[in-house]
Structure formats: structure tokens, C-alpha cells
Amino acid sequence: MPKFYCDYCDTYLTHDSPSVRKTHCSGRKHKENVKDYYQKWMEEQAQSLIDKTTAAFQQGKIPPTPFSAPPPAGAMIPPPPSLPGPPRPGMMPAPHMGGPPMMPMMGPPPPGMMPVGPAPGMRPPMGGHMPMMPGPPMMRPPARPMMVPTRPGMTRPDR
């Protein structure tokens, strides 16, 4: 009868039966070995990505970012389209949307941020306070369960 070899633990089990494998795979040392294996694997993947990116940058395949170096003397960098600024040639200045004037140097809130207080022209809700916004946005669960990759030598996944 063939023995079962666990690549994570680098050991043979006494015999190849589902109960022995299940007991082994639920053990503390096996779980630590699996965790260590995948931790090392992730570190190797990250280092590989860093090395590839560095090599591509040194070969000139990746251009430097536009704001990595200071602009040349006398150069004016236009503001991004989402930020207020003086109108550019050929552009009409944006009219204000009928609300109260903005505080100087404040500007509208960034996209995705809610202003504090009621909207212009709206009264606060009954009770006198605004409802609290929930904490950080929740991530939705993946569309299907994620599968843990198996290594060579592991004949069947744990159940």
C-alpha cells in the first residue's frame, strides 16, 4: 500500500487513508507549515514583480512618472480637470450651481465625499441631526469561492 507524502511537512504518513490524512491536515504543525509555505511563495512573487519592474524601468520600457522630477524653471503645470482653477484658453468658466457661495480656499468636496450638513436649500431632518454615514465602504464578496492552489504530491484537497 503506498504511503502518503505531505510536501508541506516533508514527511510520510503511516498509511494512505482518508482518516489519517484528515487528522494530519488538521494538525497544528501542518497548518503552520502550509502558512509558512504560502507566505514564502507570496514573498517570492512580490520580489519577482519588483525585480521585473525594476528591470523594465532600467531598460526604458516604463517611462518615469510626470511629477517625479521638479518642473523646469518657468514651466507652469495646468491643474487637473477635476480641480478648480482659472479657465484655460477656449474653455468657459463653470457657473456656480445656485447654492450659497463657497468659503474662500475651500472648494467643493472631492468626488465620492459627502459634504457635512444638509444640501443647499434643504432643511435638516426631524430630530435636528444628520444620520451618520457608515464606516469605510464594504467590499462585496467574490462572485465565486476562491480555490486554494494545491501542490504536487497532494492527491486530494482537504474536506
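Each Cβ is built from the backbone N, Cα and C atoms, and glycine gets one as well.
Pulled from Swiss-Prot:
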type	residues	note
COMPBIAS	63-92	compositional bias 'Pro residues'
MOD_RES	Y8	phosphotyrosine
MOD_RES	S17	phosphoserine
MOD_RES	K52	N6-acetyllysine
REGION	62-96	region 'Disordered'
REGION	140-159	region 'Disordered'
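Sequence features annotated in Swiss-Prot and their locations in the structure.
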residue: Y8; record: phosphotyrosine; DSSP class: coil
residue: S17; record: phosphoserine; DSSP class: coil
residue: K52; record: N6-acetyllysine; DSSP class: helix
Count of other CB atoms lying within 10 Å of the CB belonging to S17 (phosphoserine): 12
Pairwise CA distance, Y8 (phosphotyrosine) versus the residue listed as 'phosphoserine', rounded so that it is a whole Å: 18
